[in-house]
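Peer 1: Before anything else, here's the structure in question.
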Amino acid sequence: WRVLAIYMFVAVSLSEQQALKQACPSCDASPLCNCSSMGVDFIPLGLTAKITELNLAHNRIKCIQSQDLQQAVNLRALLLQSNKISSIDEDSFQSLAKLELLDLSNNSLAHVSPVWFGHLFSLQHLHLQGNSYRDLGESSPFSSLRNLSSLHLGNPQFSVIRQGNFEGIELLHKLWIDGSNLSQYEQGSLKSIRKINHMIINLRNSNIFSEILRDLLHSVTWLEVTEIKLPVEKKSLVQNSTRPFRIQKLTFKEAFFTDQTLSRAIVLLKAVTSLKELEAVDCVLEGQGDWNTDEIKRSGQSFVETVTIINAIIQNFHLFLDLAGMESQINNLKRLTIASSNVFMVPCKLASHFSSLLYLDFHDNLLTNKRLNETICEGSWHSLQTLNLSQNSLKFLEQIANYTSRLPKLNNLDISQNNFGEIPDVCEWPKTLKYLNLSSTRIPRVTTCIPRTLEVLDVSANNLKEFGLQLPFLKELYLTRNHLKALPGATPIPNLVALSVRRNKLNSFSKEEFEGAQVGAVHLSVMECHRSLVVSMICVLVFLVILLLVAVGYKYHVVWYMRMTWAWLRAKRKPKRAPPKDVCYDAFVSYSENDSEWVENTMVRQLEQACPPFRLCLHKRDFVPGKWIVDNIIDSIEKSRKTLFVLSEHFVRSEWCKYELDFSHFRLFDENNDAAILVLLEPIQSKAIPKRFCKLRKIMNTKTYLEWPAGEEQQQVFWENLKAALKS
């Protein structure tokens, strides 16, 4: 019977492996299993622990069952997007503790269950968008996802966001919500997330936009809103909010504005003092610039430093007003981009008030020479350093040079992709000009119109047949896509370090083209003569010194002492105890990774499933991702009522256990209280304790500790004593 049982087991295993190989040939011997777009309607059998990435996207899978992924315990990425999944068993992902990416987007899920994600402790990226659920339930489906970094959710049917839906999430790098038909938002729902680096929300319901923005003032750094029809908001955006705010950048994409809504928005956003950058991409403005400039002026100065407008659609742009009255609002602006938006001029009166502007980009617009004369009038753009006028309708290079010479600080000018055709012999440029882009301007030759002050010159994609200018300060020269038959001479450009001559008509190089100082007149140092040898010797010497320092540091634990000293100084500056409202855990558990099976499968189960349950802080589960581990240790000890040490031979050999013991000493034992609990998992010989664990020797001699017994009856007493110690 044993032989028969073994035979049956092997036969089943082989049949499952064969089925997997047939369903997905790439899974045969590779940890990366790509089964996308293969028409499969179930998760293949025979998935094993060797697979780390499983791609089943764009198939016909309808359900995920308990046993489907049970053996894939080392899975890091699971891609199930664009299937027909409508059913997921509660324990389908229970064995995927190492999973970092889960993509369930564009399926048929009618609800989102928190049970699905209960064991996904390592999950960083979760994609749930494009399903058919209408809400996220009454509570948070994400409460156990402590390592979550990016979250994508929502769909055209998604209509409600409730308070508590995001409980458990503290930090997100990116949050993307498809709320195109969102009709109900409970105020405060997004406040539970303490920090969001970048949030994108598709929102058409203008009535809830302001409520969401108020909730995000203190958490989001960059907010991107798409498809919004901006409302005429009357209430303050910072009502009942305290400074400082976190939001720095606000982007509108495919949004719709009127003169009235835009005017009101300018007023309200001034109260958000942290906002430094505004961006509008592919937006529509129904109006002519008839803004309430009196109200805007009364509302005070704007704190925004960067404004970017790309592809603004204004139907009657030629009737747009001159924005008289807005002069006082642009004094602090430093960077302005208005591209692909049919700009044909800026009134001189308005231009003269851009006193702090350093960067101006008007590429792909309708500027002509005549309008440019008005735009860059005398006394305008006082501080401007970079100007981009590429892809306009400019002609007559001499006039362009004359207009830009009015800019006393200009050093970077891009006038590429205009049609100059001819180039004069003499031009007057700004004396500070160092970078000039004349590429794709159809100039047939270069003359002394090009300023001698240049360090970078780009004349690519023209009709040049030769280049013979004398430019003593030039460092970079770009001559790509011309008709050159010979290289430019070296003497007129002595400081050149970069030359691009791709796609020309060069067929030979003459000696004169590389002429320089004669060898007899050149005096080279040892470094210049034997550069490779000297560099090699220096690298070897530096490597040996670093190796010596590493060896000394390792032998005498120098790095450890330096980090401990720094952490000790920081810990001493903090208050002795965290405020009661900041205490989140009953105990912080310090243990060796080698004892993790007992801690996580035995002790955690006994304590967290007790009645009432204890809340334990474990480094694997509860440390904040991306944070320095030393800061994680200090914060976790401060937020815990007790510190529980699981002592073993492995513990005394662990460097991080030593850190945790010392930090606990700094923050807890110095207060002469009983905040430390010692659990002796196995007998420890005193001679086995390293000298650096002097505090452990002292603590074990002065404090009572609990020993883990072998018998089941004594174990029950052990658990009762441990629970009593945690409650004390």
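Quick reminder: no glycine exception, Cβ is built from N, Cα and C everywhere.
Note that TrEMBL annotation is computational and uncurated.
Owing to the predicted nature of the structure, the values given are computational and were not obtained by experimental measurement.
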Peer 1: Choose one of C377, C449: the cysteine that TrEMBL connects to C427 by a disulfide bond.
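Peer 2: When TrEMBL is consulted, C427 turns out to be bridged to C449.
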Peer 1: What is the Cβ neighbour count of C33 (disulfide bond) at a 10 Å cut-off, with all protein chains included?
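Peer 2: Counting Cβ neighbours of C33 (disulfide bond) within 10 Å gives 25.
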Peer 1: If you count Cβ atoms within 10 Å of each one, which of the disulfide-bonded residues C27, C348, C377, C427, C449 comes out on top?
Peer 2: C27
